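Heads up: the structure comes next, in structure tokens.
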Protein chains: 2
Amino acid sequence: MQFQLSDELIEKIEYLIEQKNDEELLLHLEDIHHADIAEILTELELDEATYIIKLLDSDKTSEALMELEEGVRERILDNLSPKEIAEELENMDTDDAADIIAELSEERQQEVISQIIDEEHADNIVELLRYDENSAGGLMAKELVKVNENWSVTNCMSEMRAQAENVTRVHSIYVVDDRNKLKGRLSLKDLLTARSNAHIRDVYIPQVDYVNVHTPGDEVARVMQKYDLEAIPVVDEMGRLVGRVTIDDIVDFIREEAEKDYQMAAGISEGVEADDSIMKHTRARLPWLVLALLGGFISVTVLGTFEDAMEKYGALFFFVPLIAAMAGNVGVQSSAIVLQGLANNTLRGSLMKRLIKEVGLSLLNGVVLAIMLALGGTFLLGFDYIYGVTVGISLVSVIVIASLIGTFVPIILDRQGIDPAMATGPFITTSNDIFGILIYFSIAKAILGF
Amino acid sequence: MQFQLSDELIEKIEYLIEQKNDEELLLHLEDIHHADIAEILTELELDEATYIIKLLDSDKTSEALMELEEGVRERILDNLSPKEIAEELENMDTDDAADIIAELSEERQQEVISQIIDEEHADNIVELLRYDENSAGGLMAKELVKVNENWSVTNCMSEMRAQAENVTRVHSIYVVDDRNKLKGRLSLKDLLTARSNAHIRDVYIPQVDYVNVHTPGDEVARVMQKYDLEAIPVVDEMGRLVGRVTIDDIVDFIREEAEKDYQMAAGISEGVEADDSIMKHTRARLPWLVLALLGGFISVTVLGTFEDAMEKYGALFFFVPLIAAMAGNVGVQSSAIVLQGLANNTLRGSLMKRLIKEVGLSLLNGVVLAIMLALGGTFLLGFDYIYGVTVGISLVSVIVIASLIGTFVPIILDRQGIDPAMATGPFITTSNDIFGILIYFSIAKAILGF
């Protein structure tokens, strides 16, 4: 039952496009899901993809367009006239239509909107464009099913049938008063089991979770996850029902946020995908590398100040990358755990308790590793035992400091209102490199005296 | 409308528990959502939390128990008798009940199951326990609404009313034949608009996405995301409908997987949270640190072989952490992008094309950084220009090699059927440290001759 994209299928479609055999093409594509059409479009040349978009019904292509990666979609839309884009948008839910329009240049936005025939649809899209794309207003769709508290159940059923025609999935039915203020909700289950002569005000559930148009996306995601909601109504400043956010948009939002966090931790500052251009990759990656290079300059300088040690204790320099790497690894581990705790809101208890725990944990790990290092350095690598002792003691200190930096830098940033994810990856590894080296040679100097 | 956990509320509840004032307690807690009850339980002492669980109706506490973190839940369940646990399970959906039972010791599992009064419920739970927890069978619930293709719409409505009583959310209605084989689906919308004397076989939609009990969880998540499904039916080897997976479980699954990937990239091998015990943290973190330490031994050895350079070109050693850090950062960036491409299935095109692109990208970044390093080393840090040239040339080579390792190690692991996430974090940084140092000194030796 699962659709499998094959080279044969792509070749067949390309052949049919070349032959302009529209009839065969339609026959091949009619039973394919729009998400699979999107995969096919990605594999085709731009002109071929445009040909398919123009050929197929816009109720299918509009959904396929939504599934495309932004870069591919942008190029296809450039090939379409404002009127053709408007036709696609007519068949989209308002939230998807607004997302697509937002990708166009401002001039083109005007042209496209003026070509949308359904005026209410156009109005709704224009309204959605006003909101920040990462707020509830930017995530919501205008499509929903709502009933007035003063209606009867029978009355309501026929009204709902009409409304449901425009809504892909009904989820909850929202109950409003005469001024469109959100009063509560009605589940389909309740409606199925309610007496038909009852009034809505007698059967609806007055408790309903909702968010405001300005609620940030991650807060919407948190509430929907916590309460296992599949749709949440959105109200304006006056408490009037203006839209709803559905779980499929939140699933995409969660995945994108997770990818951004992951990339941030890897030192990539702009959402990029493997197939993006070299320039886009460079923009996302080079800034962090430059930062790391500047940090490297500091580590060179720090090492330079211990040049005196080279003549008598040159072997100390052989352990530098080991110490720096351990500091980096421990720092990244600690910061990853704190960041997830901050994101999930599970970081409880006082700072002092956390400090004691982190010191305990890093001392335990540090001592185990230091003993391994001291023994390995002396017996395995054959250095004089004084080196083993020196690097061992240094390692414990470096690990404790690195884990404290990794734990508390994100917490402090978070309290200052700065995104703590900034503190992961290159930032933590670079600063821990520097501190690690400084601590290592300071301890070595104290022990060996140079 | 949003619930806010406050110290006052917790103190009030603790006071009422101490006074054994059950009436007041029930009054305080009755309007609180079960997800918020879970937050309250987390803040209370174990005995207090147990008191609340025993006091409240099990239809509320069963859902609150599901929302708790595993560690907290485990301790509370230890305080309950098998009979009390069985009562909680009676009120849970089968998938949640199976998840909770799976956390108990085998002996306790038997005791609890034997205390479940509803025999069908117990049977269903036992069936679910058979499946791997990360497969569709392990994620699914037995609760669903299904109708026979031979029924009439009227007939179906009354049957559905009865079935819907046991199902939290209806989503789709599944259509089966007389042998329970999945034939298709019926949307609530269709049912609302269908003539009441029609037969199900005349109105149902024969296309339906489904998965097999053995389909891995990430594949279920991929299909549900791609096709924007809110529930997907699960069939057994014979095509018989045995359960369904709902989107709320998939949302949790996606979040947990993202957290695991993030932790894996940070060198944490077991799902841990900030508040877990020091022993659990050590188990999750120490193995990677030991691996990094062993890698460090290799870097010490590699550096040792270039000891001869120390006398004449000692300053070369000052640049070691810089070179190693750059190699690590570039490797982590490359591997993060490839891993996400592999996870999203968006890595298209041939290996050769990817190789050319990666070399191009890393050459571009490498040359920019190398020029900065050469100029910075010579004019900013005041080293002889020959050092600047040497470290500059080395940096380009190191960056190219590091990005190739970061890109292709995950791809090769993936093709060998090994989880490519293993190749991130400490593994990549450690191996790139070693290769980076080796390349750096080899180039320096070729240029300077020692």
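Heads up, the Cβ atoms here are built off N, Cα and C, so glycines get one too.
The domain 'CBS' annotation in TrEMBL covers B:140-203, B:204-260. For B:286-306, B:318-339, B:359-379, B:385-413, the entry in TrEMBL reads transmembrane segment.
Sequence-distant neighbours of the transmembrane segment (B:318-339) (same chain, 6+ residues past either end, Cβ-Cβ under 8 Å): 261, 265, 299, 303, 347, 358, 362, 365, 369, 373, 377, 387, 391, 394-395, 398-399, 401-407, 409-411, 420-421, 423-425, 428-429, 431-433, 435-437, 440. Predicted-model confidence for the domain 'CBS' (B:204-260) is 90, expressed as mean pLDDT. Note on the domain 'CBS' (B:140-203): DSSP counts are 22 helix, 16 strand, 26 coil.
Away from its own ends, the transmembrane segment (B:359-379) comes close to residues 319, 322, 326, 330, 334, 385, 387-389, 391-393, 395-400, 402-404 of its chain (Cβ-Cβ under 8 Å, at least six residues beyond either end). Nonlocal intrachain contacts for the transmembrane segment (B:385-413), taken as residues 6+ away from its ends with a CB within less than 8 angstroms of a stretch CB, comprise 313, 315-316, 319, 322-323, 326-328, 330-335, 337-339, 342, 347, 351, 354-355, 358-359, 361-363, 365-367, 369-371, 373-375, 377-378, 419-424, 428, 431-432, 435-436, 439-440, 443-444, 447-448. Listed as Cβ neighbours of the transmembrane segment (B:286-306) (distance under 8 Å, sequence separation of 6 or more from its ends, same chain) are residues 267-269, 316-317, 320, 324, 425-427, 429-431, 433-434, 437-438, 441, 445, 450. Note on the domain 'CBS' (B:204-260): DSSP counts are 24 helix, 16 strand, 17 coil.
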